[in-house]
Amino acid sequence: MRIERDLHMATGDGETSYTKNSRIQEKTMFQIKPVLEEATRAVYTALHPQTMVVADLGCSSGPNTLRFVSEVIGIIARHCKEYGRQHDHTQLQFFLNDLPGNDFNNLFQLIQQFNKSTAINHKSEAAEALPPPCYISGLPGSYYTRIFPSESVHLFHSLFCLQWRSEAPEGNKKTCLDIYITKTMSPSMVKLFQQQFQKDFSLFLRLRYEELVSGGQMVLTFIGRKHENVFTGESNHLYGLLAQSLKSLVDEGLVEKEKLESFYLPMYSPSVGEVEAILKQVGLFNMNHVKVFQTNWDPYDDLESDVVHNSIRSGENVAKCLRAVMQPLVASQFGEPILDKLFKEYARRVAKHLENEKTKHAIIVLSIEKAIHL
């Protein structure tokens, strides 16, 4: 498994694609709109850039990417109208960044359609709040490296990306077949997951500090956990069920045990406390906002109740969403022929889990500003 090659969402627009199975990301985008608006307005008001540079890190492909672009355009248009600045002649430059395996071809086709319709849409939504000119470019590369010149970006955004690590921890599983943190995992292995997060997030902050202009901000949204106890995270259940599904294929002789023994997910879902500790240690950013909110595993279940009314359907929905995210990674390790059977088994196990416990994702949204050091 090579992270830069294999870590990307399922491509295309078929039934198992990320484009068709990214409703959780869409719902989360709606939840964080007030945070994004506050940060965007603050940067624009403080800096009044002639060209405002905005970067979406880990953009993937599909409509959610352009929802973010559209949202920022709308925020600037409304702000200019409210404060009589329609003639500021501000331009927006968007950079959409992801690893090279991302479906940039699909994304560029969507951008072409978006460019044709954006002026009409914003004119109808905001009367005289005409959108500023915008320019959109793709930018392949890892956000765990430098990807922009020094002090060139005004606003960074990232949605559902910073739970991904730059590499998976390496270790001998010996007696267990876990792929993510569980209570049966050795303390030394758990520590490797935590250390990789600390290393990656610290590096990410230092890199972005160099690339942000003075007064620039970041809005970062990623899967975390509600509690400090590393064994009680919601992700533990989600990926534990995937590990069980893979083990069932080992028992059937469809997956080699050695391949599962050597497979760890390059992920870590931190607590707010862990995030704040690294921010304090790095010391390069001021925190404007931090919040944890929850959303149901099943992206089509919008009910607040503690009961899943159709566990079979919810299991299938959860499996489709996870497959859209995990398919390339799983296929690189175990081969494509097992995918249908694996995620069918996973849907069954998720349904059984949801019969007993309605589980939610814990999502952290963080707004931070580049600190000024005199």
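Backbone N, Cα and C define each Cβ position, glycine as well.
What Swiss-Prot lists as S-adenosyl-L-homocysteine binding site is TYR18, CYS59, ASN64, ASP98, LEU99, SER142, TYR143.
The anthranilate binding site annotation in Swiss-Prot covers GLN25, TRP164 and is backed by similarity to another entry. Around the Cβ of GLN25 (anthranilate binding site), the number of neighbouring Cβ atoms within 10 Å comes to 24.
Sequence annotations record features per position, and here Swiss-Prot assigns Mg(2+) binding site to GLU261, PHE263 based on similarity to another entry. Around GLU261 (Mg(2+) binding site), a 10 Å sphere centred on its CB holds 15 further CB atoms from the protein chains shown.
Looking at TRP164 (anthranilate binding site) and TYR143 (S-adenosyl-L-homocysteine binding site), their Cα atoms lie 11 Å from each other.
Using Cα positions, the member of the binding-site residues GLN25, GLU261, PHE263 nearest to LEU99 (S-adenosyl-L-homocysteine binding site) is identified as GLN25.
Cβ-based neighbour count (10 Å, all protein chains) for CYS59 (S-adenosyl-L-homocysteine binding site) stands at 26. Look at TRP164 (anthranilate binding site): DSSP puts it in a strand.
Put simply, TYR143 (S-adenosyl-L-homocysteine binding site) is 19 Å from GLN25 (anthranilate binding site) when counted between their Cα atoms. On a Cα basis, SER142 (S-adenosyl-L-homocysteine binding site) lies 21 Å away from PHE263 (Mg(2+) binding site).
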